[in-house]
Amino acid sequence: MRGFKLDGLKLGALLWAAGLALPFALDSSWVSIAAFFAIYAITALSEDVILGRAGMFDMGHAVYFGIGAYVTAILNTTLNVPILLTLPLAMLLAAAAGALLSAPLIRLRGDYLLVATIGFNAIFVLAMQNNPGGITGGSDGITGIGVPSLFGLQLESQSAMFWLDWVLLGLVLLVMRNLDACEFGRALRYLKQDELAASTLGVDARKVKTLAFALGAALAGLAGTLFAVQLSTVSPSSFVFTESVTLFAIVIVGGQGSIPGVLLGTALMFVVPQIFRGLAEYRYFVFGIAMIAVMVLRPQGLLPRRRSAA
Amino acid sequence: MGTFIQQIVNGLTVGGIYALIALGYTMVYGVMRLINFAHGDLCILGAFVGLTMLTGSAGGGHPGAALLLLAFVVSIIAIAVAGVVLERIAYRPLRKADRLAAVVSALGASLMIENGIMLVWGPQVHVFPSNLLPATTWHVAGATISFIQVMIILASLVLMAALYLFVNHTRFGTAIRAAAIDQDAARLMGINVNRVITSVFIIGPGLGAIGGLFIGIYYREAYFTMGWTYGLYAFIAAILGGIGNIPGAMLGGVLLGLFNAFAAGYVSSSWQDAITFGLLIVILLVRPTGLLGERVAEKV
């Protein structure tokens, strides 16, 4: 037998498989935290597609997460569409929103794109609060979202929902991993480094960037569906600008384009605060200081992408 | 007609405040190409420092003009010092790093200051005393103009004129403009760019503290998340005028103030913010460099 080398992929697969056993080891409140970790990890990875890999400063990513959650909530509560059927629709509509909103903005670069996406986020939250057509439920949002069922099996328990989230996180991780190797991923990397050079070599910058936005938004929409199911309610306050800032910070603090970095960032920003719940008052104060400290000490992020990634 | 003039007066008052705060965003951006997300929170910190001066030492009696002036001076000094410290700790080490690192550092600073205010002063809404200024009002063509409004409009005009003269007609002002155009070339010409940056972090937050205290006095309230709301408005004003452009921030502030006043007066108020953000996106699409900004080749 040749030497067994533990590379990133194998280690990741092992950790993921071990994660499947979490519901047997933890009580249900911890399983719910693990489920939220999986959901936010998908959202953060989807932000990484746009921000970390394509280099577009998207500071309104909570919009696509929110669209996914609202699509599932509205379809399920008003038309009784089964949850897992709403999932592809949530992804599709989020992707369409990502492509449509970004299309006119793609020529804007850097800070201007960042400011425009902040504007989108603010408008989205205000629109959900103002309850257009009576379908979003205003500031209170929508309650009573059903549970997903798979082959007639109701995924009712927290453990079952965790497994659903965890399996989908695994699929998203595979997508992200393959994104490194495929032509589209290479085009993104190239565009991020030098758009002019990439364009002269035949990369259609506009098309590739719009696709990146659509892909990132679709994955965020997927996470939105899972979020709506996990909470069984959605309201505008879950998709405010602060959430977008947190997602943005996760990618930069963890390491742009680095899967382990984004996962570590998610754990630090979403799981650690759950552990220190009693100190809720100090939470964001300490967060702010930590964000400054990490950036000053490690501006490239905690686990930066390795240069020689295949 | 009365409503129209009223909205103009209201718009000019709020616009003057936006302009004072927007100057801090635009000066920092002009020299460092950094959106100082903590600026709005610094301004509201100024309002809280001033409020503490006013209520802490008046003993419930009439604060008096001298104390009001003292509150402004202390607030300006405190926030200017905070601005300089912030630059040293959170921004200076990142000048050569990836720009996104500085953006996240600025966001962290914003969270830190906002929640720092909450820890010190508590999460509740603080009410400003009502007897700070004479309650005199004037009636002009069906509109009511209060003493506070006149004071805010005049003070912001004087401060903006002073800043304009300082930046355009003094040696140090020339150094600031040079550093904004090209830091390396400015350094080669013997300009101490570090001093320029420090001065920008004195002037911007100093003016911002005045703006923050005006907000508190005008709306008669202060709460810890306020920096975000008004900071965002002022920031939109800076973009509207052309970020990095000093007269642009003044113009943008006044225009946005008027725009908001008319949107609130004539359109439903629950969509008012959405209209403002819609305006922001339209500007970015049509003329991303703002009304007075010049087109600069972007280096990302």
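Placed from the backbone N, Cα and C atoms, the Cβ positions cover glycine too.
Under the heading transmembrane segment, TrEMBL lists B:12-30, B:42-59, B:65-87, B:99-121, B:141-167, B:196-219.
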Worksheet item: Where, among B:12-30, B:42-59, B:99-121, do we find the most CB pairs under 8 A to the transmembrane segment (B:141-167)?
Response: B:12-30
Worksheet entry | Interface-richest range of B:12-30, B:42-59, B:65-87, B:99-121 toward the transmembrane segment (B:196-219), CB pairs under 8 Å | B:65-87
Fill in: Remote residues contacting the transmembrane segment (B:65-87) - C-beta distance under 8 A, at least 6 residues beyond either end
38, 42-43, 45-47, 49-51, 53-54, 57-58, 109, 113, 132-133, 197-198, 201-206, 208-210, 212-213
